[in-house]
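Structure, as structure tokens:
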């Protein structure tokens, strides 16, 4: 498509924004990245996402696509002729991919957040839930290199952004993902070898420092 305008409104530590960065990189779509200050949201963000007022927002030729998973599907549908395919071609496999992306959003984010926003028994419960969630995902991965099989795709894109937060999760939750879920870590390292992922995810220590600042603001330090 010629003369296209693609803009991404994002915030660097957002695992949801990372999904769009990866998907756009996989499809080799050129876009303008606009970093948002979430304490002082831009008029463009408020105009493009008036309902939730959240990032990320993909803007394609002036039209906004909100919610990261929906936007990844949009990228696949609009640029379906550009390799690679991010979603499976088989309807059942596509439904399964959407199921696991939904599971990730409904479970992993909240459990991960509680690891650094809570203490004591509540934090211990969150750690247990978080590790159990990873083990469920390990089961879905099985012995495949990626969740969709031999090819990096939709579920991998939905999940890998969380990996940039794992140093923070482990630091405040006091556990080792590699000890608990070695297959998950092996998958994450495999994904990190892809240029689209490596260039889209911030360094784990940088995210840890960001979380430390948030904890101070929340009065947890």
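The backbone N, Cα and C atoms fix where each Cβ goes, glycine too.
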Additional site residue, 14, 89 [criterion: listed by Swiss-Prot with 41, 55, 67, 68 for glutathione]: 14
Surrounding CB atoms that lie within 10 Å of the CB of residue 68 (glutathione binding site), all protein chains: 27
Under 8 Å by Cβ from residue 55 (glutathione binding site), same chain, sequence gap 6 or more: 9, 10, 11, 14, 16, 17, 36, 38, 45, 49
